[in-house]
Structures are given as C-alpha cells and as structure tokens.
Amino acid sequence: MAGSNTLSSSEHGDDPRGHSYSIHIQTRGTTLDKYPAKQHARNVARQLGLTDGLIYLMSQSTRTLEDSDQPQPFRQRRYFFYLSGVDEPDCHLTFDIKSDILTLYVPHYDLRKAIWVGPTLRPSEAMMRYDLNAAKTYDELSKNIRTWASKRMSPVIYILHEGQKPNINAHFLAFNHEDLLPAMDACREIKDEHEIDLIRRANEISASAHIEVLLGIRNMQNEAEIHGKFLDTCVSQGARNQSYEIIAASGENAAILHYTKNNEPLDDRQLVCLDAGAEWNCYASDVTRTFPRRPYWPSCESANIYSVVQRMQEECINGLKEGVRYLDLHILAHRIAIEELLSLGILKGGSTEEILQSGASLVFFPHGLGHHVGLEVHDVSPTPLMAFSLDKYKGLPLLSCRPPCTLSAPYLKAGMVVTVEPGIYFSRPALKDARRKPLSKYIDMDVVQKYIPVGGVRIEDDILVTRDGFENLTKAPKGREMLKTIR
C-alpha cells in the first residue's frame, strides 16, 4: 500500500481502435527513494538472533555462454539484491552486525571493459544510488575482513552456501553456512512498503501488456504474435525482463501447465491462456488471463469452464486475510470445482466429499492454488509447503499436488503477497492416466470429450494480504471487462 507521500498521476486517452484506457502511474518505489537495504540487513540480523558477526554475500558474476565468447544474460542473485538493492555483476557485500555497517565492494575500474560495454559502478556512484554505509573497491575486501576479524576472539562470517566464501586465506575465520538462508527466507516472506510498491509497478506494466494483447488478439494469427506483443509492451515501459517464460497457449496447449513453445497457429482454437508477468527492479508479477479471440465465448463449454474458474478464484480471494490457513483455501477451490463439474456432468456418481477423497478433481486441477511472489516469481518462505500432518486433511490426495506452483505457508500474515490461480484443464495425458484408476468411475469421459477443445482455463492475480483482508495488486481485466476490451 502506498504511503501518504506517494506521488502519482493518471493519464487518459483513446486507443485508435476506439478503446478508452486509463493508466495510473506511481513514482514511489521506482527512482525517487532508495531500496531499504540497511533495514533488510538489520531484519536479517534480528532474525538470526545475533549482536555480532559478519554477513557476507556475493552478487552474480559476469559469465559467458558455454563454448562461446558471448555473455550469459545477467540475472542478479536475489539474496544479494535483498541486502543491497544493487543489480550489478561482480560485487560483494558485508554487513557488520555489531557496528550496523553495510558495505558494498565494486569491481576496480577496467579501461577495456569501459570501452567495450561501458564503465562499471564506482563507489561514489554507489553511495548516491543505494542505501549503504560505505562503498569500496573489491581490492579492499580482504583487508577489511581481516581487520574486522582481528578485533574479535571468535569471528564468525555468515554465508549462504559453503561454496560462497570470500576469497581470503585466514585459518582463524569460522564460516556459518547453515543459518543465514533460513533467516533471509523468513524476512523475505513479509514484504515492506517499498517492496509492495515494486510488485505493484510490475503488475501495472503487466496489466498494460495484457490489455494490448486483448486489443490486438482479433487480428493475431499465431501464438508468437501474442508473445511478441506482450514482451514489446513491457520493454517499451522499461521492464526488459520477464518474471518467467511467457506462456501463450492456445486451444489444447492451454492444458499444458508450463507450455512455452508459443509458436502454433491460432486457427479456429477456442481460447488462449496467457500466463505472463513483467519484472520491475528484480521484483516479479505473475498474471494469467484466459480469453477468446472475439468479444464473446465461442462455445457453451468454454463459457462454462470460465465461470467455474471465476467462481473458484473469487471465493478464494474473498477468503484471504491474516490468520487464514492457505491450505483451507486450496481445499475450498477443489470443493467448488467438484460442485461445478458435477453440475456440468463432467463428474458423476458421488458426493462432493467422496470425489474430494478420491482425488478425481486433481485430474482437472492438478496444481496448487498459489505461491508467494517477490524477488522470485515463486518466492521463498521458511515453510515451503503447507502442513501435511494436519489431522483435518490427513491422507487427502490433494496435498500431493505440485507445479506450476508450490503451496504457500500454513497461515497467512499481513505483508505477504501471494497468487490465487485456480484452473480447470482437459489434459489428454491426465485423462488417459485417469482411465486406469479407480477414480475414473467419477468422471464421465463422454461428456469430457466435448470439453477437450477448451484446453484449459486459468485466472491468476497477485494479492497482498492485510490484517483485515486483502488488496488485489493485479489490474488486468477479466470476466466481462476482459470481453469488452477485445475489439
């Protein structure tokens, strides 16, 4: 949620194709205020329960592709970014817990690199751009660590992984690679106001790109055009990176959860499932919309399934607030799916509870309801899966579901950002496998055949959990507004 000092503006206009639009731009969280790296470092130290020690992190290094002189696309290590806000390669970071000093070490000036790719980050520039106590060149790192260690009887340096020690030959140093990662995961689980603003901005750009696809979908002939339009819109608004590979799946391809070929003709396929989200300053958005190529549903079957998923999402979103067990919402989504699929004749021969216990709904809804969103699209948390040992759901096959998303923490907390992304899919491999199982008695395969061309429907929004409810950060149109956007 934006603070009272947020600057904002709104721009209104008319698309040349006759569509009115409104874009709301917020400047907070972009370039006007610094990423709160020092506060993040203090939070991690507090989570570690320490009053002394040194945290050391290294950024991603510059690398070339295998057997090539071409550089690998750079992607910053997210834990490093969380304690620095620096999206540059070949840097190092220390946080002196006792002295409360956060220091960035940047590469030494390289004339050849400056000529070929531009100058690297300098200490003076780093101090202006980032929330640091000090910025130095890398050649000072070893000396400074030795100086820090010489003032302590038992110096301990906290690192993420055993293979990420600083390049320093000092036998008297002790390294702890067990405690830092879970402490940082616990801190990253709850987003501060600055982080929420970055996720909000990523969602604004994603919404704009989804709208552009809807405006042009009628004239598109191939999945590649959808991919290209989405990417073009994001890049033109300053978001060069995607949070994940764009999924532009038409027809039966929409039943493939992580379809990324995006190269088939649209022809007369009923629906397109576009799962795509821009990244802004290393923070992700994760947005899915499923839509026809015309401003109406091309079949009763496609309209039916969209309505099912829409109800699943709306009821689960409305149940979000601090203290709610996310697992309960996941189970709620399955109950709704079963009720609706029974009414359509896709499921048969049992009560909602019987079918839930059988696992038959997993054939159509095989993944989790959602996941954390932050520096990773599937962001970290100290408890990566929901509580399997709960007597309430013991033995329920729904708890074994996996991709495209892991299940969130047992209880929601204010400041979490989670997705709610139910879906119903008609996957030929899943249905073929179901025929061989006892649960097949609950599935009317003759009715299912009419729904195969639908492929799949998924609707996904990014939701900020608050103490008394939620805020939906995703503004891309869906439902009736989505159909009205198609021209």
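Each Cβ is built from the backbone N, Cα and C atoms, and glycine gets one as well.
What Swiss-Prot records for Asp275, Asp286, Glu460 is Mn(2+) 2 binding site, and it gives similarity to another entry as the kind of evidence. Annotation source Swiss-Prot lists Mn(2+) 1 binding site at Asp286, Glu421, Glu460, citing similarity to another entry. Per Swiss-Prot, compositional bias 'Polar residues' is recorded for 1-10. For 1-22, the entry in Swiss-Prot reads region 'Disordered'.
Structure coloured by features recorded in Swiss-Prot.
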residue: Asp275; record: Mn(2+) 2 binding site; CB count, 10 Å: 25
residue: Asp286; record: Mn(2+) 2 binding site; CB count, 10 Å: 30
residue: Glu421; record: Mn(2+) 1 binding site; CB count, 10 Å: 26
residue: Glu460; record: Mn(2+) 2 binding site; CB count, 10 Å: 27
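For the pair Glu421 (Mn(2+) 1 binding site) and Glu460 (Mn(2+) 2 binding site), the C-alpha distance works out to 4 angstrom.
Asp286 (Mn(2+) 2 binding site) falls within neither a helix nor a strand when secondary structure is assigned with DSSP, and so counts as coil.
Surrounding the centroid of the Cβ atoms of Asp275, Asp286, Glu460, where the record places Mn(2+) 2, the chain contributes additional residues within 8 Å, namely Ala276, Gly277, Val287, Thr288, Thr419, Glu421, Arg458. Look at Glu421 (Mn(2+) 1 binding site): DSSP puts it in coil. DSSP classifies Asp275 (Mn(2+) 2 binding site) as strand under the three-state reduction.
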